[in-house]
Amino acid sequence: MGCFFSKRRKAKKESRPENEEEPPKQYSWDRREKVDPKDYMFSGLKDETVGRLPGKVAGQQFLIQDCENCNIYIFDHSATITIDDCTNCIIFLGPVKSSVFFRNCRDCKCTLACQQFRVRDCRKLEVFLCCATQPIIESSTNIKFGCFQWYYPELAFQFKDAGLSIFNNTWSNIHDFTPVSGELNWSLLPEDAVVQDYVPVPTTEELKAVRVSTEANRSIVPISRGQRQKNSDESCLVILFAGDYTIANARKLIDEMVGKGFFLVQTKEVSMKAEDAQRVFREKAPDFLPLLNKGPVIALEFNGDGAVEECQLIVNETFNGTKMFVSESKETASGDVDNFYNFADIQMGI
């Protein structure tokens, strides 16, 4: 005999006619919106301006092929993008989680951000690039590179959705798989190159809805000099530790230093372990070890006569109370920079 409180009135099971089949079960993947490949492709276009607005690609793969004299703007993040057989095109690509691959293209001007960048069988490309790993060219000639310079309101969130850091940009560290003795298949664009002259803001009514700016001081990605020859023998390393305002503080410090005539050489966002801290911070390592558990650090290298003294002054006056590592002197700064970036490049496989 069962317990009184466990008794439940059983609901009568609805009867189903003998000849009626039971409907198939519905699973979550059955209810997903079907993807039409044509929505993620530009193919066979000529003399057109086309694009995708924020939210329209949403991490899907994208293909651009057989386009001529076109202006193409992808204002969204994507998984991978392949560009094949395009001629005389202007191309903007929002953050790409994995790779961007150009094949058999010529006379194109581009601005893009990605994890991996590769060019094969191309000639005369001009690329404003943000790339987390070493860009690669193969069987290509007259490829020119500059630092990514672009802004629109959704772009910062798209970098996060693509898993990219705005501070990891090896745009000028090019590897040529097929070098030719006595020739250089790639070069850097002039330092004063204006991105708007290469990849202009779109003018169609639909794409004008994206509030784009190509002004250097508004660029989502900090504009660095990369591997250009340094103007001075003096550099300064600054390391900011993870916190609520780390990115904002890094941007403010960059603005302050650049505004005073110093150059931002390179940036990096990377996680550090205790052994890494010993190598970089040396005798000061115990002061910074507890901060490493909070998340990745952001490192900035500034260059110019007096960079160390000015950095220390700005950090003490503007960021008083925020713990940062700053090179102590001109004599130790070069070692600081080498120690940190050697470790960071090894960790990131560069």
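Glycine is treated like the rest: Cβ placed from N, Cα and C.
Feature annotations, courtesy of TrEMBL:
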REGION    1-32  region 'Disordered'
COMPBIAS  1-13  compositional bias 'Basic residues'
LIPID     GLY2  N-myristoyl glycine
LIPID     CYS3  S-palmitoyl cysteine
DOMAIN    23-179  domain 'C-CAP/cofactor C-like'
BINDING   GLN115, GLN116, PHE117, ARG118  GTP binding site
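Where TrEMBL records a feature, it is marked here on the structure.
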residue: GLN115; record: GTP binding site; Cβ contacts under 8 Å, 6 or more apart: VAL96, LYS97, SER98, SER99, CYS131, ALA132, THR133, ALA162, GLY163, LEU164
residue: GLN116; record: GTP binding site; Cβ contacts under 8 Å, 6 or more apart: SER98, SER99, VAL100, CYS131, ALA132, THR133, ILE136
residue: PHE117; record: GTP binding site; Cβ contacts under 8 Å, 6 or more apart: SER99, VAL100, VAL127, LEU129, CYS131, THR133, PRO135, ILE136
residue: ARG118; record: GTP binding site; Cβ contacts under 8 Å, 6 or more apart: SER99, VAL100, PHE101, PHE102, PRO135, ILE136, ILE137, GLU138
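Same-chain neighbours of the GTP site beyond GLN115, GLN116, PHE117, ARG118, judged by a C-beta within 8 angstroms of the site's C-beta center, are, in sequence order, VAL96, SER98, SER99, VAL100, PHE101, CYS114, CYS131, THR133, PRO135, ILE136. Mean per-residue pLDDT, taken over the domain 'C-CAP/cofactor C-like' (23-179), amounts to 94.
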